[in-house]
Amino acid sequence: MHLLGPWLLLLVLEYLAFSDSSKWVFEHPETLYAWEGACVWIPCTYRALDGDLESFILFHNPEYNKNTSKFDGTRLYESTKDGKVPSEQKRVQFLGDKNKNCTLSIHPVHLNDSGQLGLRMESKTEKWMERIHLNVSERPFPPHIQLPPEIQESQEVTLTCLLNFSCYGYPIQLQWLLEGVPMRQAAVTSTSLTIKSVFTRSELKFSPQWSHHGKIVTCQLQDADGKFLSNDTVQLNVKHTPKLEIKVTPSDAIVREGDSVTMTCEVSSSNPEYTTVSWLKDGTSLKKQNTFTLNLREVTKDQSGKYCCQVSNDVGPGRSEEVFLQVQYAPEPSTVQILHSPAVEGSQVEFLCMSLANPLPTNYTWYHNGKEMQGRTEEKVHIPKILPWHAGTYSCVAENILGTGQRGPGAELDVQYPPKKVTTVIQNPMPIREGDTVTLSCNYNSSNPSVTRYEWKPHGAWEEPSLGVLKIQNVGWDNTTIACAACNSWCSWASPVALNVQYAPRDVRVRKIKPLSEIHSGNSVSLQCDFSSSHPKEVQFFWEKNGRLLGKESQLNFDSISPEDAGSYSCWVNNSIGQTASKAWTLEVLYAPRRLRVSMSPGDQVMEGKSATLTCESDANPPVSHYTWFDWNNQSLPYHSQKLRLEPVKVQHSGAYWCQGTNSVGKGRSPLSTLTVYYSPETIGRRVAVGLGSCLAILILAICGLKLQRRWKRTQSQQGLQENSSGQSFFVRNKKVRRAPLSEGPHSLGCYNPMMEDGISYTTLRFPEMNIPRTGDAESSEMQRPPPDCDDTVTYSALHKRQVGDYENVIPDFPEDEGIHYSELIQFGVGERPQAQENVDYVILKH
């Protein structure tokens, strides 16, 4: 128990001195390196959980004093409440703060600063001592070079130079050297001043070659002025394939056939050591050649080529530079190479003479189809413009200092050209007529390549029964020329050949030469028979009108055209092939109205009350456009159409009429035409009744006075009449023979009317017996009259004078009398006459 007491006390004191470590956390590098005169930068962080830092002391090699319960040692830095720093503490700077940063800087640092630095930290309730190791050397310590595990030639590697020192107040630089010479590659330098590490590092990337093997690489530490401070060196171990060199006897490697050649392979470097040896010619390994010496005895031209030796190690095979062995020999049989073959006519061609020879040929002899080409001694022959005769076989002979070669088989030059001398040949017998079948062939003289097709122009729906033959069915008149082309890769056209097709005249037509305007009656007219073409050109003309031959000249002339010359004209043109008719051409003659006449419908005699139509008929071209009507007095009537319609027609309308027609050419008039209008039966009856009534009244008075005196005469007269008559009643209308028509000239008496002539009208008055009824019409009276043997009849006649007033458009000079004269015809019946009544019936006739 007595032994444990002091130790327990020591532990308690230690605990009190260091407080609770779980409440303080520090981060900083464990060891820092520097050298005399340099500086030290101590990056440091801390965390005090119970409050801010109140006191900080930096000790050098601190030791805890148990007696005083404090740390003893050299105080390099101590913070004071008034902020004053002792003079000896100026090289040490506390760069931290009161809660987390405890960074320090010592500048300059001395050798005796090596050891342990103690950071005494105190807060209000806690205390802590943190220790940091400082290693200060007398001289600058060297950097350390780091190499990759293996270095191979031509593979990029990174060399690293590391120095465990860095301080803001003391700049340094790291320099790379190869065999004491600064390296050209740029290095990348970096520094670290963190709580984890403090260093300066330089990295260099380069691709080592086999020649770098065994070379010394140096990393040199320099101050800011480039002054050497220290360095580190390493020897490069570059793995590489064997590096070889060939030696040849003879040294120029030029021999003639039959000579001997020796080649020796020497290894200048290999890392690691080589294992196998081989020889190659033109990239191909030579069999059974596994030594460093290659002996070639009695070489031939085939042994010419590129030789090299190959030695292998664990890295790979290494090859020497190639040695070109030239075995000289005379030219071999030559061959000809033709550039641009087959050649097109007109293009350029180049010939190349190829002959294996060593040395190269210096002179050439050229042959065309076995004949030497004079002046051609070069390796190449150039023809700027090739022609068909250049085609053929070309060969050559080469010559060098060792001899002359032999002529090879040669090369064939194919000169291609379009078909030559192409012609179109007509196979038909001449001449060719329109509608014939024509056969043509396309011929040519030569062609290379052969003709494969033919073309024809103009194009048409024609038949090609065989290649180069054209058959034209039903040849047209206008097939003037035909041309053909023979084609291979190109087409050559022949000159057009004229078919000279003979045909009948074409496009025959009638053309009016004069007059240039409309044709009027009386004009001089010329018609021309035209046609567009005819082959042969000798032609004849024929004129036709309505199928009647007129003439045989090319022109048809009318000195004075008349309407009768109008009609449909056509002309014919013929040659030895045939004839062609023109289309019918209508000759139209314009003339004034002529041959006018007035036609009447239904006739020239019309009963009053009916209708009469007078038509003015004419012959005119152009047709009549205007009509004018005139009466017998040349008075113009207010009618201007072709037809004059009278409805109802009156007796006053009787007379002579004429018409006049007008067109754009002129006028024409018709002769007089007479219209006769006669009375209707009703009018005649009325007028006869009136006339007879008047006559009867006068006659009765006369009869009464002369009754007895003339009784016997009437009896005798009546008996005479009975002997010659059937005793029937009758009415006589004397028709007067029509007068000769008046002259064509107009007259003042109007139109002749036969009804207006002097005439005698008869009527019979019948006196019936007593108590027998009487009718007023003639027909009933006739049917009811007694037999002739018992009928007493008196026949009266009325003579009418012609009156001037009966003519239209004529006014009488003085009043006229009735112009009626009466007479009596007495018919005595057979037997005794019955007692008659005393009354008398009258018939009066009036116009």
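Each Cβ is built from the backbone N, Cα and C atoms, and glycine gets one as well.
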Whichever of Cys442, Cys529, Cys571 is disulfide-bonded to Cys484 when Swiss-Prot is consulted: Cys442
Annotated stretch (motif 'ITIM motif 1', per Swiss-Prot) among the listed ranges 22-27, 334-339, 472-477, 760-765: 760-765
Where Swiss-Prot places motif 'ITIM motif 2' among the ranges 56-61, 584-589, 656-661, 794-799: 794-799
Annotation match for N-linked glycosylation site in Swiss-Prot, from Asn112, Asn724: Asn112
Disulphide bridge to Cys161 as given by Swiss-Prot, partner from Cys167, Cys219: Cys219
The one of Cys161, Cys219, Cys265, Cys396, Cys659 whose CB sees the fewest other CB atoms within 10 Å, among these disulfide-bonded residues: Cys265
Neighbour tally for Cys167 (disulfide bond), based on other Cβ positions within 10 Å of its Cβ: 22
Entry from the disulfide-bonded residues list Cys39, Cys353 having the most other CB atoms no farther than 10 A: Cys353
Model confidence over the motif 'ITIM motif 2' (794-799), averaged pLDDT: 50
Nearest recorded site to Cys659 (disulfide bond) by CA-CA distance, among recorded positions Cys39, Asn164, Asn363, Cys484: Cys484
Between Cys442 (disulfide bond) and Asn479 (N-linked glycosylation site): CA-CA distance (Å): 17
Asn363, Asn634 as glycosylation sites, winner by CB count within 10 A: Asn363
